[in-house]
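Some features that Swiss-Prot has for this protein:
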type     : residues : note
DISULFID : C69-C82  : disulfide bond
DISULFID : C77-C93  : disulfide bond
DISULFID : C95-C104 : disulfide bond
CARBOHYD : N34      : N-linked glycosylation site
TOPO_DOM : 140-178  : topological domain 'Cytoplasmic'
TRANSMEM : 119-139  : transmembrane segment
Amino acid sequence: MARAAPGSGASPLPLLPALALGLVILHCVVADGNSTRSPEDDGLLCGDHAENCPATTTQPKRRGHFSRCPKQYKHYCIKGRCRFVVAEQTPSCVCDEGYAGARCERVDLFYLRGDRGQILVICLIAVMVIFIILVVSICTCCHPLRKRRKRRKKEEEMETLGKDITPINDDIQETSIA
C-alpha cells in the first residue's frame with residue numbers, strides 16, 4: 001500500500017469556510033452608500049472626440065442631478081438632508097451617519113463602514129490565525145499518536161519474529177559418537 005508524502009495530501013476542506021467568509025466580507029466592503037453621487041466634472045463636452053467646449057460658448061453649465069428641496073419637503077428626511085432629483089422631480093435624502101432608508105428612517109447597525117478595508121484586513125488575519133492554530137493543534141495531537149502506533153507495530157514485529165525462531169537448546173540432544 002503506497003502512502004502519500006507528508007504534507008502532500010492536505011485537504012482543501014478547511015480553506016472553504018475561510019474563502020466563504022472572505023467573499024462575504026468583500027461583498028460588504030464593495031457595497032456603495034445609499035445615495036447617488038453628483039458628477040465630478042461640471043464642464044460640458046462637445047464634438048465627436050469628447051473634447052471640452054471653448055469658454056466662449058453661451059451654453060449654461062449643468063449644476064448636477066440635484067437641487068434644493070422645495071419648502072413642502074422641508075421635513076421629508078427623518079435623519080438626514082433633503083435634496084431634489086431634478087430629472088425625476090422627486091425628493092431624495094442624504095442620510096446622517098448611522099441611518100439608512102429612503103427617508104433615513106432606519107438605524108444602520110453597520111454604519112462604521114468608513115473603516116471597511118481595515119475591518120476586512122482584521123477579519124482575514126483573524127481567520128488565518130485561527131486556521132494556523134487549528135493546523136498546529138492537529139499536528140500536536142497526531143504526532144504522539146503516530147509515535148505510539150509505530151512503537152506498537154515495532155513491538156508486534158519483534159514478538160512475531162521472536163516466536164518464529166525456535167530455541168536451540170530445547171530441541172537438540174547431545175549424542176556422543178566417538
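Any Cβ shown, glycine's included, is placed from N, Cα and C.
DSSP assigns C82 (disulfide bond) to a strand in the three-state reduction. Residue environment of C95 (disulfide bond) contains 23 other Cβ atoms, counted within 10 Å of its Cβ in all protein chains. Neighbour counts of Cβ atoms within 10 Å were compared across the disulfide-bonded residues C82, C93, C104; the minimum falls on C82. Confidence across the topological domain 'Cytoplasmic' (140-178), taken as the mean pLDDT and rounded to a whole number, stands at 78. Annotation note: C69 (disulfide bond) sits in a coil segment as assigned by DSSP. DSSP gives C95 (disulfide bond) a strand state.
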